[in-house]
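Here the structure is laid out as structure tokens; the discussion comes afterwards.
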């Protein structure tokens, strides 16, 4: 579900005003808060099987930091493929341990639910059997070789105005990440910054992709991933052709059910270990946007610090409000933002308003954005100190062939959609 207003043209009067509010001091804590918000999902799950999860984290750190300068055939293999290499080695080691019987206990069956286990011996080892073994998932065996996904395969989407409003707000804030990533990408590929029309086109297409994702029932929307900006810096590959070929390959692989089954069979501990690294990278890359402003300015330091602290503290207040310290929640801590609407501090007679406010103010990214955008646009500071983004003018971009070539739609699609202003420069 996506809000149309969140994907309108950036060069409309409303979006122009919003764009002027978004600067590196706002982008940095907003993106960083997304990465930090998953801290409760990371190591607590890795701790369920330390010899697998911790080793994987150490391998990824080893490849990405200590071996990053080693080149094989002119390519920094360890730096570029740190994550898949760490996953492959750890998965292979876990497979050998499973086959060797390291996680097999006499008289214990992993297929029996923990609530049905009678033996105290089995209850003691059920967690290790569940999290350390690599054969607990049947996704690979049960998945078909060929599967054709189609719209509304999982039923008709359910629409509620409360959730739609929440998604509208989240979509607008998610576009903050996109704006910062577009600007950073243009600098990495040695091109001029995009025009407001190009930025609006990118955000609009993210909205269209989210609509398609909803129709296909993926459960998540589409947005720009800041880590891909880091990928450009590492691989020195800024060609759009590589992205187009990768997209085509993913579409083809989506038809092979075994590929999805293989990915779904990755043990949960390994997924958590990967996310410990990936979300940490996201937080760091978010803060790296401060290099476009005066990072040493006391003004910027205070704004970013307050934004990050309150992005963790205020959602914690909302998530814990009304819950007894000794209560045993039925959902993991990283799912608490999605149930806070039922016990949050807003309890007026308007149930829909309570739902929206309790949900939005329990999201780390929303709080970081609100604190940063209010402080950055009310506390005095020069344009250089704030690092205000400078976008290319449409008329100037049209007169420069190099800029037009960088931002025109591929395969001459722009000629077909010339009547849509936000498609062009």
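Backbone N, Cα and C define each Cβ position, glycine as well.
Nobody curates TrEMBL annotations by hand; they come from automatic prediction.
The transmembrane segment annotation in TrEMBL covers 21-39 (among others).
The feature transmembrane segment is assigned by TrEMBL to 45-66 (among others).
Residues annotated as transmembrane segment in TrEMBL: 78-97 (among others).
Positions annotated as transmembrane segment by TrEMBL: 158-176 (among others).
According to TrEMBL, the transmembrane segment annotation covers 242-263 (among others). Beyond the ends of the transmembrane segment (242-263), by six or more residues, the same chain brings 139-149, 410 to within a C-beta distance below 8 angstroms of the stretch.
Here TrEMBL flags 269-288 (among others) as transmembrane segment.
Residues annotated as transmembrane segment in TrEMBL: 300-318 (among others).
The annotation transmembrane segment is assigned in TrEMBL to 355-375 (among others).
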For the transmembrane segment (45-66), what are the same-chain contacts with Cβ under 8 Å, counting residues 6+ beyond its ends?
78-79, 81-83, 85-87, 89-90, 93-94, 127-128, 130-132, 267-270, 272-274, 276-277
So if I exclude everything within five residues of the ends of the transmembrane segment (355-375), which remaining residues of that chain have a CB under 8 angstroms from its CBs? That is, six or more out.
21-22, 25-26, 28-30, 32-34, 36-37, 162, 165-166, 169-170, 173-174, 176, 302-304, 306-308, 310-312, 314-315, 318-319, 336-338, 340-341, 344-346
Considering only the recorded stretches 158-176, 269-288, 300-318, state which has the highest number of Cβ pairs under 8 Å to the transmembrane segment (21-39).
269-288
